[in-house]
């Protein structure tokens, strides 16, 4: 049973029906505060101000019926508010229409207050879990990807699956020199500022921030959600990162671009490696802690390309180049390189 104070908005053109639901729920003593609206237009105007935990709406009302009200609520900034449709018409066709309009549940008006309360609790638990998942995913991936995950969970790449992904590793060059020359709190401030801008590029381009790696990061496109332009998105993110580094250097030059101890200018640069290929995606770790990540040869190659990249350089693997060859993304062919763990030289390309 849910505990605490829960504000319920009841929308019904019948004053008697509104009062019946209000008195019945409040009499249960479960912490419900019920606010009644007989005009659905007024309910739409006030939902942002009232901020209900849930909306109970009659199906048949003049002007806007319950389905239209539900649809408008789901299209508004209050779209996260769950909606239960109350009706005397409990036909399968009406239930289907209600659920397609976005209703979270469909309850017959003849149901007892105990059943209605149980339905409210069930919907609110699901909504709470969805919101928890939204906040969790939002720390690592873009809002658009979060909404896609929540809307179509069947499209999510789960543990043990092997999708084609594009992996990006970015590493800050010259950071060790900076760390040795500035106070620790200033070093942390600089690192957070840089990684914040790099993370923004990942999220803006629809990627998933896999992990921070000291003075760098790993990002993935293609898991947990696959898109046909994942490789292009990763390359666009890499270019945004390089632009961000230029802007950061210009904006903070007086603070951290000059290092008197070294007697020469200290310039932070970025090296980036990108590679595409099959990888195992899923929760990796032990019983105490796990994380959703990707592992495999494609990931290892991306990391080694990052290590090879010079300051201000973006290196990409062959599969990444193939995936965007039909788009306007200029590459420069470089001599193949030998990488640890690979028997044959690996084709290499510089992103221009």
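Cβ coordinates come from backbone N, Cα and C, glycine included.
Summarising the annotation, Swiss-Prot assigns domain 'Response regulatory' to 7-124 and lists sequence analysis as the type of evidence.
Within the same chain, residues at least six positions away from residue 58 (4-aspartylphosphate) with a Cβ under 8 Å of its Cβ are 11, 12, 13, 14, 17, 66, 85, 86, 87. Among the features that Swiss-Prot reports, 4-aspartylphosphate is placed at 58.
If you look up Swiss-Prot, you'll see 166-306 marked as domain 'Guanylate cyclase', on the strength of sequence analysis. Per DSSP, the domain 'Guanylate cyclase' (166-306) is made up of 64 helix, 45 strand, 32 coil.
The Mg(2+) binding site annotation in Swiss-Prot covers 171, 215. In sequence order, 213, 215, 216, 270, 271, 272, 306, 307, 309 make up the list of same-chain residues 6 or more apart from residue 171 (Mg(2+) binding site) whose Cβ falls under 8 Å from its Cβ.
The average pLDDT for the domain 'Response regulatory' (7-124) in the predicted structure is 88.
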